[in-house]
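Here the structure comes first, spelled out in structure tokens, and everything after it is commentary.
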Amino acid sequence: MFRAALKSLLGRKVRLLMSTFAIVLSVAFVGGSLIFSDTLGRSFTALFASTVGDVVVRPADGADNLGASTVSMPADVVRTLEEKVPDAARVDGRIRAIGVYVVDKDNKVVGGQGPPAFGGSYSDAPAGHGLTGLTLVQGRPPEGPDEVVLDTKTAQRSGYFLGEKVHIVTAGDQALITPTLVGLMGFPDGGTLNGATYAGFDTARAQDLFLDGKDAFTQIWVTARDGVSQQQLRDEVAAALPADLEAVTGDDAAEEAATDLLDAISFLRTFLLIFAGVSVVVAAFLIVNTFSILVAQRSRELALLRALGASGRQVTRSVLVEALVVGMIGATLGVGLGVVLAMGIRALFANFGLDLTGQPLIFAPRTVLACYVVGVLVTMAAAWLPARRTARIAPVQALRDDIALPETSIHRRLLLGVLGVLLGVAMMFLGLFGSVPKGGYVLGAGTLAVLLGVTAVSPVISRPFLAAAQATYRRAFGSVGNLAGQNSLRNPRRTTATASALMIGLALGCLMAMIGSSAKASVDDAVKKNFKGDYVVSSVFGEPFSRSIATEMAKVPGVERIVRQRWAQGERDGDFFGFAGVDPRDTEFLGIRLVHGATADFADGTMLVDEDWAEHEHLSVGDTYTIDKTPKGPLRLRVVGIFEKNPVIFFPTVTTLDTLKDQGYPTSDNALILVTQHRLGIKNDLDAVVAKLPIVTVKDQAGFAAEQREPIDQIVAMIFALLGLAVVIAALGIVNTLALSVIERTREVGLLRAIGLGRGQLWWMITLESVVIAVLGALLGVLLGIGFGVAMLYKLRDQGLEVISVPWSQLGLFLVAAVLIGVLAAVLPARRAARLDVLRAIATD
Amino acid sequence: MSSGEVAARVVALTKTYGTGEARITALDEVSLDIAQGEFTAVMGPSGSGKSTLMHCCAALDRADSGSVFIGDQDLTRLKDKALTRLRRDQIGFVFQSYNLVPTLTAEENILLPLAIAGRKPDNDWYAGVIATVGLGDRLSHKPSELSGGQQQRVAVARALVSRPRIVFADEPTGNLDSRSGAEVLELLRSSVVDHAQTVVMVTHDPVAAAYTDRVVFLADGRIVDELRDPDRERVLEVMARMTAAADIAPSGSI
């Protein structure tokens, strides 16, 4: 039996090639996602390991990884440690800042999106465990106020050579500086900054730029003597430190930093795996379909085996053995392609700023295992459905001319499908309106159930569509159209199963398009309703910028008022906590309307909370609210007012500018709102202030809305790029089904050719059939996508997506694309059919 | 009966399969005229080349050398596109295994060649064809709902409907019981008698051959004998003679 299965497999190489290809693609997606996320994880872990010393000293409770901070330790701590810690080989004070952007010769910011732009003091201190971290690889260290070193990659990307003046934008008081490039830093042992940029100055200059000239450091690295462990050194250092400073081992600090970052980007991994899952589901459809057709075509052969004495179980098993072999081959090729795909994903993300091109790909054993499990299991499971039916082939059918494979009764299928849809809809409702934990997952599971249910009932619900298509075709394309329409109706299950693969891809695409379009509409709506003043000044990366910009702009004639906003990050109950700072005099202008409390009480050390957050945290006027971690430890604020939800204020809690400054946050601004006279050319004057600072832009209402929409477009584009693969698999499914149908109908095709059907007409016939399948899938997909979209947007309405917008033109484009997919998918099968030798085709049994 | 005009002409047609030891000569310089309005049968034992001859005449297969004319067109000089058009407009086929399109009704199947060509049926002619086929109310049925004899009559009607210059029938009664076979043969016969249709039929059934005007006998790729206005007995006679000759000819090889 095993031999018979293998023989049969070899006899049908071409037919199986396509379904193997589907497995290859989906396995590749799984493999690629895993390889990429492992690489991502390793690259950051490696990066952080080389950016900490054996022991790191920092302010106690200071959130070291909160980004910008001006909290520092006086320089004499370094001397104290040098004297009191005998096991310290060396002690180095360091300064680290973010928001230090290198601007290239075309006045464009290098990097920026995503990975941070680091700046700081140059130091030759070794990283923990004697690792060579970022080290000078060319030139010399910076000396004096007019010299800088850059990392090699940033220098390359910006096009600066040693000896040239580098444009650097900082968030400090000196917004633009132009020091000379004197050295290049790199990782001699391999490694990259993952797209981050680094600019190093000598210590005095760094103190001047980032610490207002204080003789202090933000971090101290202590290097252990040979044979001294990190723990031992940490204990010694801790004993010598004042209470407001703490010492942590480099290993702990690196892990802390890497974990935080990986948490922050873990959604990427989830995201990729979701798409991998989608492509696996789509591929499973394709495999079920392929095996169904193959089994149907072989039913006489299988019946013969039964007639010769094989049991039903043996016949089933022979089909499963085929599936096993196909799955193994598919998984093996898929693993290989996965590596290629991981490179593709890496390139895709590099476009978005996360540059891992210097990192070797991580190929974990688990990845290989997952690929084989997915490839083999999915194939076996998908083949099991048609294989089960082979057992019911009666031996006598070997002797008959026309034989049909027994099929599950359409009634049972309909029943299961309807149940699936109902269950799915119920789950979606529960997820939307019910108070179940993890409503999002319930909603997602409901979505999947609806998809599978619709797939099950699609042969029934698609009948009117197929009949209408047939009638239309007959009218529009005559007999060729009639034949094509009839062919698509011939086996509605096969037609709809093929269409289902495309349906899933397009339903998700449509869902994403809807979310994207609604998000943009919501942004526009929010901007329109809440835009204050005449211009907004903000950083394109959402990063803070120098307060000197506001000062400069105030000098522009016609500017009447400048309102600053600052954003701060802290931690509360272990979670990220963001809050805003404004000048108390600006609350009225910003439209902050209190429902409780009084604006007059809003002073340093107090805060305002919006209604929702107050309710969520059970806060009322007079309460004290604590933010556990800020640059200077816990921050306790008294609640003096509760305000109506206000979209201008980015965060639900607001304190004063001075409170933030006193707490060690940098005195840079996040957004400025300008009220101006309507003077011709004022925009040009304002632009001139930030001309050399490409991270900061001046926008009117329309410009601001456009800028806010841009990241949404980028995300949607990225999702489409990933969904594209699912659509490719679905298109392959159509190719496969058509090719197999052509083989199945060899004799009929021969006959048509014999009675005078031209090759062109044959091509038309197959193309029209293909287009029916594609359009059916697209229509179902778009309809479902709209439904899912409305549900999902309803769920997201609290998160700022208040407008539900259906992107009709985009959906129309999907349908056009579906027609194109149909035409393209028909190319190979039609060519094959056209090339059939008429005589041999007729003679075929 | 014969109008004297030639519907199809075969000149020195040769076709071989295989090479070296396995070389088989299917047609060996066969020359033959098919007269307009005549019902011709081609007979011969298996492997005599009769099917190959028909396939070459019907533009389904190409010979190695020699010419085939349908009317005054030399098929051997035509490209695929022209051949397709020729099959569509000038040739009708009836196959042993009916070969109807399963998705179409009987009527749609009959009209298919015209539909493919984008032509409208000649109403009188069509009515006549439908009447002779005698399917009555079963015209709207799919092939799977018809008996073998009915299906083959549909196939004959399909071959006749476009008024081709010549109809080729490849063992049209091979899959039928004798009564259904007789109906199909009557149908072909009446198209010849009533409408001067030219029909060429490959068969090995002497009863079927008796319906024709002329029987051509093929053996080993050559025309070995010919009968005019045959009846079953004379056909059997010739066949017996041929079998005897075949037994003796490769002397001593058995």
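The backbone N, Cα and C atoms fix where each Cβ goes, and this holds for glycine too.
Unlike curated records, TrEMBL annotations are generated automatically.
Here's what TrEMBL has on this protein:
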- A:17-239: domain 'MacB-like periplasmic core' (DOMAIN)
- A:274-395: domain 'ABC3 transporter permease C-terminal' (DOMAIN)
- A:495-660: domain 'MacB-like periplasmic core' (DOMAIN)
- A:721-837: domain 'ABC3 transporter permease C-terminal' (DOMAIN)
- A:16-36: transmembrane segment (TRANSMEM)
- A:271-296: transmembrane segment (TRANSMEM)
- A:323-349: transmembrane segment (TRANSMEM)
- A:361-385: transmembrane segment (TRANSMEM)
- A:414-434: transmembrane segment (TRANSMEM)
- A:440-461: transmembrane segment (TRANSMEM)
- A:496-515: transmembrane segment (TRANSMEM)
- A:715-741: transmembrane segment (TRANSMEM)
- A:762-791: transmembrane segment (TRANSMEM)
- A:811-830: transmembrane segment (TRANSMEM)
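Using a Cβ-Cβ cut-off under 8 Å and counting only residues 6 or more beyond its ends in the same chain, the transmembrane segment (A:323-349) has close neighbours at 5-6, 9, 16, 19-36, 39, 268, 272, 287, 291, 355-357, 361, 363, 367-368, 371-372, 374-380, 382-384, 387, 718, 721. Between the transmembrane segment (A:496-515) and the stretches A:16-36, A:271-296, A:361-385, A:414-434, A:440-461, Cβ pairs under 8 Å are most numerous for A:271-296. Of the two recorded stretches, the transmembrane segment (A:361-385) does not lie close to the transmembrane segment (A:414-434), with fewer than three CB pairs under 8 Å once pairs fewer than 6 apart in sequence are set aside. When averaged over the domain 'MacB-like periplasmic core' (A:17-239), pLDDT in the model lands at 83.
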